[in-house]
Structure formats: C-alpha cells, structure tokens
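Here's what Swiss-Prot has on this protein:
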SIGNAL    1-21  signal peptide
BINDING   His22, His82  Cu(+) binding site
DISULFID  Cys50-Cys165  disulfide bond
DISULFID  Cys87-Cys113  disulfide bond
CARBOHYD  Asn120  N-linked glycosylation site
CARBOHYD  Asn134  N-linked glycosylation site
DISULFID  Cys206-Cys240  disulfide bond
REGION    226-345  region 'Disordered'
COMPBIAS  254-345  compositional bias 'Low complexity'
Amino acid sequence: MMFSKSGLVAVAMLGASAVEAHMKMRQPTPYSDSSLNNSPLAADGSDFPCKLRDNAFVPPSQETIAQIGEVMPLTFTGSATHGGGSCQVSLTTDLKPSKDSKWMVIKSIEGGCPANVDGNMSGGADVPDPFEFNYTIPAGIEPGKYTLAWTWFNRIGNREMYMNCAPITVTAGSSKRDAAPVAEKVEVEKRSANFPAMFVANINGCTTKEGVDIRFPDPGDVVEYDGNPSNLQPAGEAACSGTPAWTVSGGSGSPSTPSTSSSTPAGTSAGVSVSVGATVGATPTAEPESSSSEPAESEGAPGVFAPTSATVFPSTPTASAAPTSSSSGAGSESDSSSSSNGALTGPCSTEGLWNCIDGSSFQRCANGQWTTAQQMAAGTECTVGQNAQFTISATAVKPRMINAMRHRKRAHGGHRHA
C-alpha cells in the first residue's frame, strides 16, 4: 500500500503507533526469537550487536539453509515502519557476535526498507510487513555457519539503529555453476570477494539526518533502490554527522576458516548475480489489509512478486493509482541508447522513471543511470513503455505450472529442522 498523506499526517501516524510497535525480522528466523523485542538498539550502543541480552543466541528450531547464489527471503513483522529508510544485510563468522566481530556487507537497500510508505502502516506489532525483500549469498563466501544481521536506519522519527541477527548455514553452489570455465569463475569471485564493513550510526556518536533515506558510505557491490527517489540522500553527502566513538571491522572478503569446517569447496550457483550499481527490488506482495486471494508463487526477478490483479507502484506516492500514459516519459531520455531488446543504457534524466520492455522485463532510472533490465516474475507482465508508475498485471498461469512452482518451493524452502 502506498500512503499519500502530508508530512504532518505522517508524523501524527508515527507518534500514534511507534509506542506500540516497531519492526522485527521474520525471515531468516532470528536467534532467541521469543525474547527478541521490536525496539531499536540502545542509544549508547550497549546492546550492540544483535540486541545483546541474557541468552541472546539461542538457535531457532528451524535452521536457515542458504546455497551460494540462491535467492533467500528477507521479511519482517510489525507496522511502525517510520517512513522506511535504508537497510543492510551482513554476515559474520562469529556465532555469538560481539563488538569485535567482523561484519561483511552482502547487500545494501537504500530507501524503501522495510517498507516504502510515508509514515507507519496500521495493524500493530504482530502484522506481517507486506513488503518482501531478498538477499543472495554471493560468490566469495565459503560454505559454513554464519550469523546474518539485518540493520535498519529509519527515515522518520528518532535517530535510531535497528539490528536483528539470525544463524544461517551456507552451502556450496550448484555443480552446474561449479563446472563453469575457470576464467568466468575467477571474474565473478574477483568482483564479489571484497565485502565492506557494516555501517553503524546513531549509537556511537555519529547521527544520521532525519527525513532522508541514507546512502551508505560503502554499500558494496549489490545495491537496491526501493524508495522514492526524492527521499534519497543527495550523492556525496555524509551518511551521518559527528565523530563516531567506535566502528566495526570487516571488508576483506571470504574468511579462510568459517565457523564450521566443510570439505566441500566453495562454489557459486547458476543464479548468482553480482549487481554493481542500482537494482530495483522489493514490491508489496499484497495490500496491508488481509485479502482472500493468494498471490501466485514465482521464481522470476528477485523481489518482484506476482499479484492476482493489476497493481500499480508509483515512483512517488500519489493520491491516485491511475497509470500515466505510456508516452508520458518517452522521449525524455534523449541521451540514452537502446539495445536490440528495447532495454535502455546510459544516462537518464527522470529519476525514478520505469521502463517496461515487451511486458516481460523492466528497468528503472536510478542515480541518473538506467539499471540493468530484470525479468518479470512468472505469471506477471508490466505495461509496456516508460511511466512514472509501474503497473503489474497477472497473466494466466496454468495449474500445472503453479503446482510445479509450489513443488520447487517446498523442495528449496531454505529451512531444515535443527
């Protein structure tokens, strides 16, 4: 759901619900989930990392298993989304992390995380966040046991840092990818073996600016833009002000000794995608209100989910969801060049503009450049042309296809009982 309200109303919404519900990671399942509350880290950093407390690292009954290159779900519970913000996904080899732990960022989401809304959503602390995200364990990470951290810097409200942690077991990639030519594997690993350190602020003397989706000083290779471009912090502006009393280490790449040894060499999946620059990611799977319609399951482009009817995602919240004419944005990107399949490359001038290519793939103008085209999810199509609003419609999916997708999902659900 996109909220189109004035800033005053957004702040009022924030104040009304922030007391009763913040946000909490749902997938992957966190450590000590029963004792994990949805509040931010302490302002003095005393519970960093992972909201330290008694018995903070009790593993869940279901262990999260992630194959290198596999797209994994990143989902949340709660409604106090504080106008969204920016998030990172990081890994450490420490199974009981401390302030001395080394964190490796594998994905940064700048804007729209954990939801692309003006203020807060309704529903309370136990309502699933309809905006779903994902992450992929990249090449350069060795198989073994890790702690995954989700960190969030909210756009509206008190200057806070949220952090939830979950145990995760990384397994080697598919044999098909492992059999790729040596030169190809070396190039992928070269691009993805250097992971920056986790960004820390609002608990260490360096404070983020309110009202903007921060840009991380070192976001890494995989960066996703899910918010409204007008909210994104200007390029070159510092992510926080003040001198940090402390930071965390990280960034050198795959550790030589993961938390548990494995005789299987590291591999990469056929689905691995090292994205240098902007990508377009999460979209809501449904309206925040409950619906009796079940979205079609998909294995398409990461973060794009199949709605059961036409759905519109505006670049900037508007009171109306009516799509603009497909010609409204056409011709405005005169400096761009077009490939044989209709995808645009090079600079673009209308920040946030969507380009639907043949209904089966799409791209977006982000940071003045056209992103790489991504395939639509199975069972969906977009309205062809350049638009300020992105319209997704469900296509007919045969029952046999749906059953096959459900079978694959059950077979690769990403969990096993510990």
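The backbone N, Cα and C atoms fix where each Cβ goes, glycine too.
Here the features listed in Swiss-Prot are painted onto the structure.
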residue	record	Cβ neighbours (10 Å)
His22	Cu(+) binding site	24
Cys50	disulfide bond	25
His82	Cu(+) binding site	27
Cys87	disulfide bond	26
Cys113	disulfide bond	31
Asn134	N-linked glycosylation site	19
Cys165	disulfide bond	28
Cys206	disulfide bond	20
Cys240	disulfide bond	20
Please report the distance from the Cα of Cys113 (disulfide bond) to the Cα of Asn134 (N-linked glycosylation site), rounded to the nearest angstrom. 11
Between Cys206 (disulfide bond) and Cys50 (disulfide bond), find the distance joining the two CA atoms and give it rounded to the nearest Å. 19
Among His22, His82, Cys87, Asn134, Cys240, i.e. the recorded positions, the one with its Cα nearest that of Cys165 (disulfide bond) is Cys87
Looking at the recorded positions listed here (Cys50, His82, Cys87, Asn134), whose Cα lies nearest to that of Cys240 (disulfide bond)? Cys87
At the level of the C-alpha atoms, what whole-angstrom distance separates Cys50 (disulfide bond) and His82 (Cu(+) binding site)? 20
Which one is closest to Asn134 (N-linked glycosylation site) in space, judged by CA to CA distance, out of the recorded positions His22, His82, Cys87? Cys87
Could you check what DSSP calls Cys87 (disulfide bond) once collapsed to helix, strand or coil? strand
